[in-house]
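Enquirer: Supplied in structure tokens, the structure appears directly below.
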2 protein chains.
Amino acid sequence: MSKILVFGHKNPDTDAIASAISFSYLQNELGKETEAVALGEIGEETAYALNYFGVEAPRVIETAANETNTVYLVDHNEAQQSVSDIKEVEIASVVDHHRISNIDTANPLYYRAEPVGCTATIILKIFKENNVTIPKHIAGIMLSAIVSDTLLFKSPTSTPEDEAAAKELAGIAEVDLDVYGLDMLKAGTNMGTKTAEEMIDMDAKSFPMGDKNVRIAQINVVDIEDVFAKQSELEKAIQEANLENNYDLFILVVTNILDSDSMVLALGNPIIAVEDAFGVKLENNKALLKGVVSRKKQVVPQLTEALTK
Amino acid sequence: MSKILVFGHKNPDTDAIASAISFSYLQNELGKETEAVALGEIGEETAYALNYFGVEAPRVIETAANETNTVYLVDHNEAQQSVSDIKEVEIASVVDHHRISNIDTANPLYYRAEPVGCTATIILKIFKENNVTIPKHIAGIMLSAIVSDTLLFKSPTSTPEDEAAAKELAGIAEVDLDVYGLDMLKAGTNMGTKTAEEMIDMDAKSFPMGDKNVRIAQINVVDIEDVFAKQSELEKAIQEANLENNYDLFILVVTNILDSDSMVLALGNPIIAVEDAFGVKLENNKALLKGVVSRKKQVVPQLTEALTK
């Protein structure tokens, strides 16, 4: 039998990569034959984490069915965020911490989702339930995932369980959680070398909401103005992306990881849904969302409601 | 806040009822305010189990949103098998052992599915993970659910985990597993008092497959011929049900729990899909499926494939 492929969502963030690697490691220890792969190139934050702990980046795949008939999903479940030929393989396992949508299987499967801040927090629990020891490098990338998803526990998605998991993993990985965490987050905020096209795509996900196809991208920075200095290039890139991919609505969420606010840039239809969802008025296509840092908890549900009511 | 409602699927079987009661008990012990309810009247097998262990049948509800905004699903996830107004409440938790299909949430949730024979087997695991003691009457109905779903471990859906769970629960409930189990199963096979309409509805579920709306009912018996003595009434009832509910295809699976074979009676379109799925020729609308006892594992995937290829 060919190897089971384990992967996170397209445009992988640190959790998508670290959860694939750590869940694959766990399953191999339990006797399965799996390989962690990625649905896209890793970003600078993830590269920092992998490099720090001496872990190789997973191989990038475009399709799965050409090499396996079974896949394990981590950190996502929605078909449009998964591998392009997901309908042609069997999803035997999902570990996730998102809403559930647009997933269909013919057979019963293992599905483990909890409303915590990070998939790696759930994977730590599964390691323990199976009495599998976590090696230092795996602990290191798992704690990196938790720091990344919770913005060092400042995101409203962060739970006491995430914080406890990160502390436990930091002990195994032998790092100072706060020092390492902030260094890693800052490594992901360097936009100097990025084109507008890259910036709107590096952490972007698609969501069907009502009858609209919504694209939501997020960038973490330490200075929001740096990004909006390029507003006209960003708008041009977004309009091209909307045309090319039939996105009805594109929302770029630019998050300041130090003060935990976000500025959104929104283009498409219906733009009024964005104003409704967040109770703001867009000016020059943008609005400041005070205290908003989480796409999952502070953007997706609000927009879903505004677009389905 | 109003109580969280916990329920299994429509046309509840013993697992749907027992899992709702036991998961509600567990959540209440963990500090939640929940109530187990049912999406339909219980059958004779379930009544036998509840009566044996002195547990009251849950109240039957038609809708949920009139009394709560949050629900926990057990033993199902597909909207068409759930409460009629499922779209109007938030699904905060699912514990299940079926395929995933036709479920959408706006928010992250707790979702626990494993490919085991019975939801109660997973609930036993969650009891243990939370260090909650299982009282005798709860253990009794949980083991009843496992016996029911696995046909005393003879179904191909049964796993070593289900058998171990049932044995452990039988110890707590202080019953002889084989003696009690067979008595309970037999209590569910009494068709003498049932009309044809009741027989095709007592354990029936709907499944979207490709662009078809498929209804699959199952009856457990100790003598298949007893049921087919009423074939013309059953066919009439099925044809009326198809018309009334827009089912494209109706499949009645009559399972002999002693020799583990099933006779199917199929009416609707495309009937060829039934022959394709099981590699049989229907004669007089029926065919014997040797060794088939599990709707979930031996009927649904095969039909789904035949109807979506």
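From the backbone N, Cα and C atoms, a Cβ is placed for every residue, glycine too.
Here the structure is a predicted model, which means the values were calculated and not measured.
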Enquirer: Based on TrEMBL, name the residue from A:Asp85, A:Asp149, A:Asp162 that is recorded for the same Mn(2+) 2 site as A:Asp15, A:Asp75, A:His97.
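Expert: Between A:Asp85, A:Asp149, A:Asp162, TrEMBL records just one in the Mn(2+) 2 site with A:Asp15, A:Asp75, A:His97, namely A:Asp149.
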Enquirer: Relative to the Cβ of A:Asp75 (Mn(2+) 1 binding site), which residues of the same chain, six or more apart in sequence, are found under 8 Å away?
Expert: A:Gly8, A:His9, A:Asp13, A:Asp15, A:Ala16, A:Ser19, A:Ala20, A:Val95, A:Asp96, A:His97, A:His98, A:Thr119
Enquirer: Using DSSP, how many residues of the domain 'DHHA2' (A:181-307) fall into helix, strand and coil, respectively?
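Expert: Helix/strand/coil tally for the domain 'DHHA2' (A:181-307): 51 helix, 37 strand, 39 coil.
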Enquirer: List the other residues in this chain whose Cβ sits within 8 Å of the Cβ centroid of the Mn(2+) 2 site residues A:Asp15, A:Asp75, A:His97, A:Asp149, in sequence order.
Expert: A:Gly8, A:Asp13, A:Ala16, A:Ser19, A:Asp96, A:His98, A:Gly117, A:Cys118, A:Thr119, A:Ala120, A:Ala145
Enquirer: Considering only CB atoms and a limit under 8 Å, which binding-site residues from A:His9, A:Asp13, A:Asp15, A:His97 lie near chain B?
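Expert: Cβ contacts with B, in sequence order: A:His97.
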